[in-house]
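Copied over from TrEMBL:
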- 1-360: domain 'FMN hydroxy acid dehydrogenase' (DOMAIN)
- 78-80, S107, Q128, T156, K231, S253, R258, 286-290, 309-310: FMN binding site (BINDING)
- R165, H255: glyoxylate binding site (BINDING)
- H255: active site, proton acceptor (ACT_SITE)
Amino acid sequence: MALITNVSDYEELAKQKLSKMVFDFYASGAEDQWTLKENREAFSRISFRPRVLIDVSHINMSMSVLGYNISMPIMVAPTALHKLAHPEGEVASARAAAAAGTIMMLSSWSSCSIEEVNLSGPGLRFFQLSVFKDRNFVQQLVRRVEDAGYKAIAVTVDAPRLGRREADIRNRFALPENVVLKCFEGLDLSSMDKANVSGLAAYVASQINSSLSWKDIKWLQTITQLPILVKGVITAEDARIAIECGVAGIIVSNHGGRQLDHLPATISCLEEVVREAKGRVPVFLDGGIRRGTDVFKALALGASGVFIGRPVLFALAVDGEAGVKKALQMLRDELEIAMALSGCTSLKEITRGHVNTEADRIRLSRL
């Protein structure tokens with residue numbers, strides 16, 4: 001196998017290994033894919049302001065998320081259908097995250113069940129919840145998540161409809177017979193019209209609740225004691241409402257560029273949300289992270305931590321659990337080097353003063 005030196009190498013290798021339909025399903029974004037590209041490119045427009053002559057012989061990357069200790073501020077984002085990448089699916093990804101001492105967030109669109117992932121071994125796990133029209137359906141899911149020992153629920157709030165992903169349309173994306181949406185097996189699907197819908201996946205997609213509103217976040221808080229985060233907030237206005245609703249945290253996300261095209265990169269939205277949060281709740285970020293330097297930049301702009309999605313899928317496709325472990329380790333090692341060369345020995349020492357953004361450069365040019 002080619003020598004893998006960074007997580008982007010996995011993407012190249014995965015493209016060779018996976019079918020075009022599966023690779024495009026994982027890799028592509030909505031419509032013209034402007035946001036997909038911008039998520040990556042916006043990081044390259046942020047530069048460092050390192051401090052020197054600081055003893056960096058000992059670097060500590062550990063942190064706490066909602067009271068749970070993890071080894072680093074890099075967590076596994078919820079992504080759909082890991083079994084399309086590897087036969088062990090989300091179980092392999094969960095084991096790798098646990099070995100790295102970090103959090104795995106399981107997707108509602110998982111190809112392994114909530115229980116299978118829980119039984120894969122010890123580990124800190126959150127659950128990503130898509131809210132469906134049938135509240136009984138949602139309550140059953142939440143109960144299973146609680147029973148399996150997951151520690152938090154992140155509600156996806158930017159997908160009242162699915163974005164237009166033209167690669168999937170062109171490829172006529174369909175699930176192979178051996179891959180199913182396991183989170184929905186065993187639920188009471190008595191409302192499923194088996195005559196009109198071809199299979200579970202189409203049924204579940206048809207059940208997305210496009211009337212989802214802040215009232216539903218309040219309702220979720222009445223049916224579970226688990227902390228609830230909202231995933232998909234990119235404006236101060238929505239951050240303010242989320243905090244007023246009592247959420248436990250915010251994930252700044254544009255769904256990996258898969259929903260509304262021409263949204264700004266998440267890293268470009270981060271400071272606005274962080275300023276509004278004023279430290280009342282943690283703010284996390286996903287989208288476009290491919291380097292430890294990207295993680296450092298997000299932390300400098302106020303993120304409490306980051307979630308990575310596609311790099312996990314591509315590493316899983318190339319080398320299963322070992323691939324995901326290596327991808328997480330490479331990002332960790334890169335972050336450690338970025339911290340050392342910036343003069344930071346712990347996460348709390350990473351400050352806004354360690355980076356320059358486009359806005360900073362414009363402001364300086366006007367002085």
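Including glycine, each Cβ sits where the backbone N, Cα and C put it.
With respect to Cβ neighbours within 10 Å, the binding-site residues A80, I289 differ, and A80 shows the lowest count. In terms of Cα spacing, the binding-site residues A80, Q128, R258, G287 that come within 10 Å of R165 (glyoxylate binding site) are R258.
The Cβ of R165 (glyoxylate binding site) has 20 neighbouring Cβ atoms from other residues within 10 Å, across all protein chains displayed. Cα separation, Q128 (FMN binding site) to H255 (glyoxylate binding site), rounded: 12 Å.
Using a 10 Å radius centred on the Cβ of H255 (glyoxylate binding site) and all shown protein chains, the other Cβ atoms total 22. Summarised as a single figure, the pLDDT of the domain 'FMN hydroxy acid dehydrogenase' (1-360) averages 92.
Here the Cα atom of G287 (FMN binding site) is found 7 Å from that of H255 (glyoxylate binding site). For G309 (FMN binding site), the same-chain residues that are 6 or more apart in sequence and have a Cβ closer than 8 Å to its Cβ are V76, A77, P78, T79, G256, D286. Here the C-alpha separation of I289 (FMN binding site) and H255 (glyoxylate binding site) works out to 13 Å. With every protein chain in view, the residue among the binding-site residues P78, G287 whose Cβ has the most Cβ partners within 10 Å turns out to be G287.
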